[in-house]
Structures are given as C-alpha cells and as structure tokens.
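Chemist: I am attaching a structure below and will ask some questions about it afterwards.
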Amino acid sequence: MGCIQSFRQCCDRPKNTNVRISLPAVCFVWQIAMIILFGIFIRYDQQSDAHWIEYRKSQNISSDIENDFYFRYPSFQDVHVMIFVGFGFLMTFLKRYSFSAVGFNFLIAAFGLQWALLMQGWFQSLDPMDGKIKIGMESLINADFCVASCLIAYGAVLGKVSPVQLMVMTLFGITLYAVEEFIILNLIHARDAGGSMVIHTFGAYYGLSISWMLYRPNLDRSKRLNGSVYHSDVFAMIGTLFLWMFWPSFNSAITNHGDGQHRAAINTYLALASTVLTTVAISSLSQKAGKLDMVHIQNSTLAGGVAVGTAAEFMLMPYGSLIIGFCCGIISTLGYIYITPFMEKYLKIQDTCGIHNLHAMPGVIGGIVGAITAAAASEGVYGKEGLINTFDFKGDWKDMVPTRQGGHQAAGLCVALCFGVGGGIIVGCILRLPIWGDAPDDNCFDDDLYWELPEDEESIPPILEYNNHMQNRDATESDFSMEQSQN
Amino acid sequence: MGCIQSFRQCCDRPKNTNVRISLPAVCFVWQIAMIILFGIFIRYDQQSDAHWIEYRKSQNISSDIENDFYFRYPSFQDVHVMIFVGFGFLMTFLKRYSFSAVGFNFLIAAFGLQWALLMQGWFQSLDPMDGKIKIGMESLINADFCVASCLIAYGAVLGKVSPVQLMVMTLFGITLYAVEEFIILNLIHARDAGGSMVIHTFGAYYGLSISWMLYRPNLDRSKRLNGSVYHSDVFAMIGTLFLWMFWPSFNSAITNHGDGQHRAAINTYLALASTVLTTVAISSLSQKAGKLDMVHIQNSTLAGGVAVGTAAEFMLMPYGSLIIGFCCGIISTLGYIYITPFMEKYLKIQDTCGIHNLHAMPGVIGGIVGAITAAAASEGVYGKEGLINTFDFKGDWKDMVPTRQGGHQAAGLCVALCFGVGGGIIVGCILRLPIWGDAPDDNCFDDDLYWELPEDEESIPPILEYNNHMQNRDATESDFSMEQSQN
Amino acid sequence: MGCIQSFRQCCDRPKNTNVRISLPAVCFVWQIAMIILFGIFIRYDQQSDAHWIEYRKSQNISSDIENDFYFRYPSFQDVHVMIFVGFGFLMTFLKRYSFSAVGFNFLIAAFGLQWALLMQGWFQSLDPMDGKIKIGMESLINADFCVASCLIAYGAVLGKVSPVQLMVMTLFGITLYAVEEFIILNLIHARDAGGSMVIHTFGAYYGLSISWMLYRPNLDRSKRLNGSVYHSDVFAMIGTLFLWMFWPSFNSAITNHGDGQHRAAINTYLALASTVLTTVAISSLSQKAGKLDMVHIQNSTLAGGVAVGTAAEFMLMPYGSLIIGFCCGIISTLGYIYITPFMEKYLKIQDTCGIHNLHAMPGVIGGIVGAITAAAASEGVYGKEGLINTFDFKGDWKDMVPTRQGGHQAAGLCVALCFGVGGGIIVGCILRLPIWGDAPDDNCFDDDLYWELPEDEESIPPILEYNNHMQNRDATESDFSMEQSQN
C-alpha cells in the first residue's frame, strides 16, 4: 500500500489535456493492428460462409431458417442498442458532459468489439484445423457483452479521464475479460447466461479499482459541473429505458435455442418489473417530502436485470424472478443513498455513475443466486434431458451434478471478483502516468476539454456573470452576442 | 347525477401532495402481493419450461425454431418499446412534466404488467390440470397490451394526478380490462388483433370518464405550465416515432402465425403512412399562415394505427388500409382543433393529451370497420381454410358465419365502451377521495411536486424575474450563480 | 449552362412562405391518387394472403416459420427505425430546425413509401397473370430503401426548401429511383445489397444537384441559425446511433436467406466499427487543440456502412470490411474539413448536412469495391453453389462469370451517377419556380416559417438583445414574460 501511495504522488503533475497526438496515434495504430490480426486470424464460420448452402444440404437441414442468424439476430440487435444507446445515453445525465458520455462510449465500444472478437476467439473458437477464428452471430453478441464490461467501468470514472485513458482501459479490460471468461465458463464450467459475474461483477470492480487508483482529493473543485440539468436527465432516461426494455434480450441472447432463450427472457422481464416498484418506494421514502430522485429511477430500476443474469436460463420460477428484482431494487437504491457517499468519503472511491449500486452489488447477488439455484436444481423440475441441456452436463462434464455445479458457480464469482479488483489496480497504476491528457481537478465533467462546443446561450453561465463580469468576457463571445442582437 | 355532484363537492378539500407514506406503501404492499400470487399461480408454459426438449421430441417438432419464442419475440420487443419509450416520451411534451411523464409511465407499466399476467391468466390460461397459469411469450405481449390501455388513460389525466392515484387507476384498469377482454374475445368471440376496441376504446373512455370525475374548474391557474417548450416537443417526437414505427408489430404481435402476422403488419404500415399526409394537410389548413402544429403531428399521425387494429389481420386490401388511415388523420386532427376545446368547455372533460382524438374516436372507428369487414368476408377472398383460420371458426364456433361475426364484432365494441365509461366513473369516484396527494389547481403539470429537480438555469424563469425580483431570490440560488460566475 | 443561368435569374423573386393552400392540396390530392392506384394495382402476395395456408400445404412447407415474414421482419423494423428516427434525428442538429428536420422527414417518408410500392411494383413485381402488384415484407423493405435515397437528398437542402418542394422532390426522386434500380439490378444485373450505388450514390448526387440548382448566394444572411446548440447535438446523436446500430440490418435486409443475411450483417458491423476509430483520429488531428468535432462524429462514423453496402453479401472477409471502414472514416472526415467548404465556395453547392462526405463519396467507393470484389470472386472462396447463389448466376444469367460481373457492377455505378446528377438538375429546375413557398435567404434554417412554435425562453435570443432592444420587443412577448415573473 505504501508503494501505491508513493506511486500516486509521483504521478500528480500538472495536466495537459491536449490529445491531438496521442488520440489519433492510438486510434490509427490500434486499428491498423486490428486489420492485420483480423487478416491473419479471422474468417467466417460455417453459418455465415458462402459454403453454407452446401453444408446445409450435407447435414440435411431442411431450411435456411435454421441458420443461427434467425435464432440470434433479433437479440443481437437489441444488445447492440443497449451497448450504444443504452450505456451511452444513461451517462448523458451530467449537464455538460453529454458529448463525452455518448461519444467516448461510442469510440471505446467500436474499438472494444474488434479486440474482443480476437481475444475471445483465441480463447474460445480457434479452429484446430486451420488455426483460424471462425466468427458468426454468437461471436458478435459475445463481443458486445465483452464491451459492456468496459462500458460499466467507464461509469465509475466518467468525467475524470481522457479518451486516451479510456482506450487503454478498454484494451486491458477486454483482455482481462477474455481470460476470466475462459476460466469461469470453460475451465470452471460455471453457467453465466446474462453475465452477472463475468460482465457485471468483473466490469464494476474493474472500474471501481481504477477509480480508487485515480482518486482525486480535490474533485469538489468541479462540483458545479457534477450534476444534471432538466433536459440532461430526460436524455438519460432514454438510456435507462432502452437498457430496461432490451435486458431480456441481453440475458437470453446466448442461451440455448428454444426454451432456454424463452425462459431467460421471461425471468428477466419479471425481475425488472419488480425492481421498478421497490426502487420507487425506497427513493420516495428517502426524501423529506417523499419526492423521487431521478438518479435512483435512472439506475436502480435496472438492478434486477443484472441480478437475474446468471440464473436467467434456470427454472427460477416467475415468483423467484420477482423476489430477486424486489431485493435488488431496495439494495441498489439504498446503495445510492448511503454507500456511494460512504465510499467516496472513507474508501476514496469516486464513483460518478454509482456502478457499485447498479452493477457490483447486483452482480454479486446474481452470482450467489446462480450458485444457490444451480445447487438446488433437480430432475423433477427440469426433466432429465432438460437438466443436462440447461447446465450443459455433456462431454467432459457429463458426470457433473447440480450440487457440485453450485460450488463451481461460487468459484466463478470469486474469479470474477479477483480479476476485477486485481486488474483494476494494475491498470489504474498505468493510467496514473501523467501522459494521458486527463482533466485537472477543477475541470472535470466538462466537455469543453475534448470537444469543439457550439457557442450557444446555454454554455454561457447566465445573467449574473454577464452583468458582473462584462469586462472579463473575451472578445469572441461579445462579438457573437452582438451579432445575434443585431439580427 | 346529483349524487355525483355532491360527492364531488365533499371531496374538494385542501391538497397535501406529500406521498412519502402512501407511495412506498402502495409499491411495497402490492409488489409483495404480486410475489405471493405469482408463487401460488404462475408457472412457465410448455414452450418455456425446461421440459420443452422432451415435449418437442414427443410432438415430432423438427427444430427449436418452431418454439413460439421465435414467432413472437421480435414483435414483443417492439411492443415493449412502444409501452415504455413510445407512451412515455409521447407525454414528455409538457415543459416541466417530462420526469413525471416518463417516470410514472414507467412505474405504472411495471406494476401493471405483473397484475395483467395474473388477471389475464385467471380468465384465459388457467390450466385445468393443476390450477396454475402457464405463461409464455404470448402472455407477456398480452400483459403489455393490457398495460397500454392504462397508459392511454394516463394521457387524459396527465399532470393532474399523483403517482398513487395512477397506481390505483392502473389496478382497477387492468382488472376491468381483463374482464372486458374475456367477454369480448372469449364469450362474444369478437376478433380484435390490435385492440381497437379492447385496448383503445376501453382505455380512452376509461381515462376520459376519470378525467370528467376529476374535473378541475380552476385548472387555468396552471396554464403557464400547460404547454411545451422547443426541446420538450422534440422529446415527444421520439415517442411519436417509436409508436408509429412499431405499430405494425403491435397489431401483428398476437395474430396467427404465418400470413396473419404478415398481413397485419402490412395493413398497419399502410394505414399509418396514409394518416401522416392527411394530418399534415388538416394541420396546415387550420392555421392562418398554413403553419403546422406539433400537437397534431405528434398525435394524429398515429390514429391510423389505432383504427386499423381490429381489422389488421383481415383481408382489408392495401387500399382499404389507406382509406382507413386517410379518414382517421382527418378526424383526429379536426378533433384536436374543435372537439377537445369543446369537451373542456361544455362537457367538463379536461383531456391533457387529447386521447379522445388519438384513441377514442379512432378506436370506435376501428371497431366499426372491423364489424363491417368481418361481415363482408367471403370464402372467395379468404379461401375456405383461410376464412376458418382468420376468424377462428373452430371448436364451439365452427358454425359461425361472417355476417353473424360482424354482429358479434359490433357487440364487442359496445362492451368496450360500457366498461370504459362505467369503470371510469366508478374509479373516478374513488380517486376523488382527498387522500391521494394530487396537485392543487395552481400547481398542476409541475414535476416539482413529486421529483427532486436539478437546480438548472432553465428552472429559473428568465431575465425579467431576475431584474424585477432580485430581492426575492433565495440565498441558495444566488450562491449558486455567484459560484458559477467566479469560475 | 447559359440557359440555366437565365432560368435561375427569372426565378429569383420575392418569397412567400405561406403553404396553407399548396401543402394541404399536395397532401390530399396525392394521397387520394395513392388510394386509387393502390385500389387498381396492389394486392397481397402469396405469403401475406389468407390463401397462404393452402399454398403452404400444396408446397409441402412444413411450418409457418418459413413464411418470409420471419426471415425479414426483424430487419424490416430496424430499417424502418433508420428511416424515421435515424434520418430524422440525424438532421435535428440545427438549433432551430429540429421540428422541420424530424417532421418533414416523417412526411416525405410516409408519402414516399406509398409511391415507392407502386413504382417498384410496376417495374419489378407486376404479376403477369392478373396485372396486379403483389406486395409482401420484401416490398416494404424495398419501399423504405427507396425512401432513403430521397431522405439523403433532403440532407443537402435541409433548411432551404419548403415542405411542398420536398414533396415534389420526393415524387420525382422515387420515380427516378425505381427506373435506375430496374436498370441497374435487372437489366445490368449488378448486385447491390445495401444500395451503395442504387441508394447512396444516386440519392446523394440527386440532392447535391438540386442544391446546386437552388444555390443561394446570400445564404450567409441566415448564418446565425446555421449551427447547433448543445442539446440539439445530443438529439442528433440519437439519429447517428440508430443509423449506426441498425446498418447491419439495412445491408442484410434483402440479401439471400441464410448465409447471405448472416454475412452481410457481419461485414457491415465490422466496417462501421473501424470507421469510428479513423473518424475520431482525423477529427482530433484537424483541430488545434486536438478537440473532436461533433459534425464528424455524427456523420463520418457512418461512412463505412455506406461503402460496404454493395459488397456486404460478398466474401469480403472480416479484414476486408475493416479496411473499407478504415479508409472511409478518413475520407469522409477529410471531406467535412476540406471538400464541403470548397464545394460551397467554388462549385456553388451548399450541402447542409454534408451528404457528399457521408453518402456520395462512400457510395462511389462502395460501388468500386463491389466491382473489384465481384470480379475477384472465385469458386475456391465461395464454393460452386455459393458463387451461383451469391451472384444469382441463374436463369438468363447462368453463363455469367465473376470478371464480367465486375464490369456490370461498374456499369451500374455509372448509371446511378448519371441518374443522380441528371435527375437532380431537372428537378432542381422545377423547384426553382417561385411557387413553392421556400424561405427567403435571411430566414433559412428556421422552424418559425412552417411551424407554430412554443413561446419558450429559448426562442428569445438572450440577455443582450433584451437589454439593448427592449423598445423593439413586441407586446405579446413582454406580456408573456410579465406573466411568468409574477408567478
């Protein structure tokens, strides 16, 4: 810990936020690297290659509709919307950071999904025949999932890092994700349909650890910008709703064809519905006049979807899903009220979007629920074939039994936690180097550092500034106003 | 009528808008009730249960793609978007009521869909073998449909009721819906694919009757807030467009597999296209300078989708759909211009969103069109099997003929009307009790009653207020501005 | 050229922007014409007619899931979202033109799709048996595609034309589109899955030619309105993201069932991801302080989707898609920086949205890429059946070989270019007639001409105007402010 402290100090030098060299360099070099690696490694899989028609006939598949595209594409598009509009707009709630929220989310997701196709491919779908990675619709969904973990981490550091730091964070995040996913799903054989452990727990602790490493003692100098305005809260609701509505697709996107996808969607739908009511209840209870807080509505209403992730394809029963949602709405909202301020004050973890309440806690709960429900699974409930099918007790794992599966689930959760915390600390160290162009403490949460902003009336802090500080205004602004007044 | 008047007076007491006890209580108690009832009654159906794999083999179903999930899930997600983003954002047009519009819409929809699964399950899919309700994708769509009727009703009372009243309104609305739906679809055997009668007519008259019961003679005291600003109108267009685009999914979501879904989507697509043109025409004609009115564009463009609902799966022919859309665009826009002010002035019905023009009239038209087109159906047009299939002339109804079906359709419309008006009056009585925390007449359409609002410049009415009332401004606000001006 | 100049002068008369007669007249008359033509010509196709059930049995189709609806409907809905929300919101970036952007987009798309069903039907799906056009899901997607070309053209003239001009532009645009599409796809037998040539090249040059014909030398009089404000840029990002996310559906919507749709979606997904990184790189490089420009992020990130359109269903290989996206991000962003100002200054083409950079150049690149990759196709890569299937070397074209196909692709690109430029000049002439109600030069980009605007604070240009020009303010405005200040 001492060495971390001293490392911290050595990195605290004056800030230069100009990213004109570093950002284009990172984008160009990495994109060219992607092209080269894709050229060497990535090819279409059986279902998307032009040889499909011959393959289909050789396998006696009666119709094109059995191409995996038709099983997964609608879910894929919903997940895609969650990644780009959902996560992007959820973070637009800050009054002057909407461009960065939605723009950098766009940038790192677009990079991350390419890198994820490679990393996940090397670990999971390398064809032993020709050494190539074969991609299809399921790979694309998995890449989007992988990206989600990094976007969750972005939520913790929103407003405090430069786009170059975000790119670095994504590069390492995706890499760590691919490794922990391989360990959890393949080596440990845990099931994690909606990624409560693999995506949410890992992503959230990864982001929180980075935020802890990048702790800014003087962040309150940017307090004026760390809040919402009326319209920015409405924009954020677009993100919330698209996440909420499409979460059933997220949790069912890569589950088994047939009843697996069907059941995962139903469970998620119910858990989310239940979460909304308890979130509203706690939010109203927590305020003197019973008024609701937009922060809770925007975030905690989603906690049920996170927590039901691992167990979404299990026979949770509809009431089981409701119970999970019920608890998570309460816990997540209480988190915003008590835990986030506590963490900032005592643990030195500044969590801009409150991902600890939305992803970390519900993710861990999801992992635990998964372990319990897996351990409790029985042939009576699932049917003999249903049990084998749902838990994939096939091949090397054909001797597995539900109780042992429960243990493996718990082990998987621990791995996700360790990778999140450990990886986050290491990457946090790297991001503390004073070369990345991050914002000074008094200019966090400000789009002006990285974006050409339109000169609109809203960007001029109002009335009083004008009357009291006329003399301080720079020439451009006055010219602009003059021009307007003459038209 | 006299007793209604005296009841009205007895309920007009001073208002207390604090919902800190009532709202959390309602949310918690009802959610717990849901969990208990779901525990007792609700299970997965054949298609979403883990026994599906065994069922599939026993039925010689060749592929998982024939699971109902793949027939209905894309439509379900579109309907889901309509419910949460469509209805939610459509109501954000008010300048200071966007939080409530989208937030309370979210709350009551999340509660309503749980209650709808139970109510509709008891009436329609109780398994006689084990007394359980079996749910699958179609149930979820039906629950969303059921919720839609309550969200329509919300449109009439937008800005004038508390969240607790909305919850009560939803509880009764869903209950009434399930009953009238059972009567119309099962007992009367009317067809109503897109719910012109069951959803729109019922929902609209339910809302209008409640609004009539809750008449506020002094509502013009809130006139300053009963209007839009530029950006709020753009937000509302998000709602309009998602409703408009996904309406073909709404009308085709639960129609027959194959040509039924296909035809319903085409008919709805065409009717909506036609409506846009006549709405624009009438809107432009109605203004001195030919300028368009956003209220019309946001609402009346959707009327064609409502009116084509009942008949969407019939052989309307493409031009038939265009004609329906053509008429409804005209009628709905004229409704906004003439009927809404008339109703407010003479009938004492204050209809914030104009649901009479968007849902009530087009819904009734849709019911009538359904009756006529059903009566006119023939084997020549539908084919022998097509006719039986489309109108479900099977089982108990195998002796039904198209002309009689027309009569049944008309009967269904009457039932929907009666339930809407009758139910609305009764529920309106309940909502007049002075315990629900609704807004006083001079503070309607104001988010500030139920939401913690950000302190943004936009919430301070501009310039003149500052210059004239400097002395009145409270300390916090000035500190805030000072702080801003110094940075 | 001399005659064009003199024609230009004769049309420059004072402007009357009242469209109260012309707009309703156009809407009514054309909609009635649509109804009549639909009545004469349009019927349901085999898949959407009630006779489907009999047809299915006669063809031994085992399940309703093989109805084309289930292959195409999810893609159709995504395309629909791109047309109405994607294109509509992409153009809301102007500070006071959001109503027109999203509203007129809505109007012309709703008209255009009806006319497109007729025009494309006459050329491509007239049933020789009964002289009727048979429509199904694929026709609806094609109609949306056809409309896209006109919405692209709208981008060039955004803010400078009246809704009546837009309707005329759409009428002719759809007509020209149907002809060039027939020539390119049917007579020349070029392949163009995502319409790089047919949609983007044609649409962009059509719009640019019209803009050239409608050149306004004094457009800088409206300079104050030709820019964005903070929130309008966030609205525009909604459009960008929905276009970006759903572009894989656009390019795969009408490709072959099975691997064709699958591969087109993957290629487009990758090309778009790559484009984002190079757009960000060039945007940052182009500014002094390395700041990003929202115009580039909103537009150039989409260029990869345009450029991969023609070749989306070919065996481009994943790295091939990345390379296309890589180049287009660079070219498109450089276009915004250098070419758009150049075109405005020297070529007298005012291109409001920069469609030359987003659609024209990438469209042409897409056509060239299509020609090269088609010419390079081989049985080794595609498989014997795959090659025939992908390039449709069947029927009259069964002797076609890839190298010749490459030539046909190039010919197709030329046809699209000629139709775009030629058609645009002719239609531009028509639109110069002084009867259409377009805006005067000092009031372009202003919603106030065609819309009833809410009287919100934001519409009053701020502070300075108030202080300096109190005397000029009209009575209504002051009354309004007074009223507000008293509440």
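From the backbone N, Cα and C atoms, a Cβ is placed for every residue, glycine too.
Just so you know, TrEMBL annotations are computer predictions that nobody has curated.
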Chemist: Given the ranges B:322-339, B:358-375, which one is assigned the annotation transmembrane segment in TrEMBL?
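Modeler: Among B:322-339, B:358-375, the range TrEMBL annotates as transmembrane segment is B:322-339.
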Chemist: Which stretch, B:76-94, B:101-119, B:166-188, B:266-285, B:322-339, tops the Cβ pairs under 8 Å count with the transmembrane segment (B:410-433)?
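Modeler: Between the candidates B:76-94, B:101-119, B:166-188, B:266-285, B:322-339, the best contact partner of the transmembrane segment (B:410-433) is B:166-188.
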Chemist: Pairs 6 or more apart in sequence, C-beta under 8 angstroms, 3 or more of them: is that satisfied by the transmembrane segment (B:166-188) and the transmembrane segment (B:21-42)?
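Modeler: Output yes: the transmembrane segment (B:166-188) sits against the transmembrane segment (B:21-42).
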Chemist: Do at least three C-beta pairs under 8 angstroms join the transmembrane segment (B:101-119) to the transmembrane segment (B:227-246), pairs 6 or more apart in sequence?
Modeler: no
Chemist: Using Cβ distances below 8 Å and needing 3 or more such pairs, separated by at least 6 in sequence, tell me whether the transmembrane segment (B:76-94) contacts the transmembrane segment (B:227-246).
Modeler: yes
Chemist: Can you work out which residues elsewhere in the same chain, 6+ from the ends of the transmembrane segment (B:21-42), have a Cβ less than 8 Å from its Cβ atoms?
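Modeler: Apart from its flanks, the transmembrane segment (B:21-42) reaches 111, 114-115, 117-118, 121-122, 131-133, 135, 162-164, 167-168, 171, 435-437.
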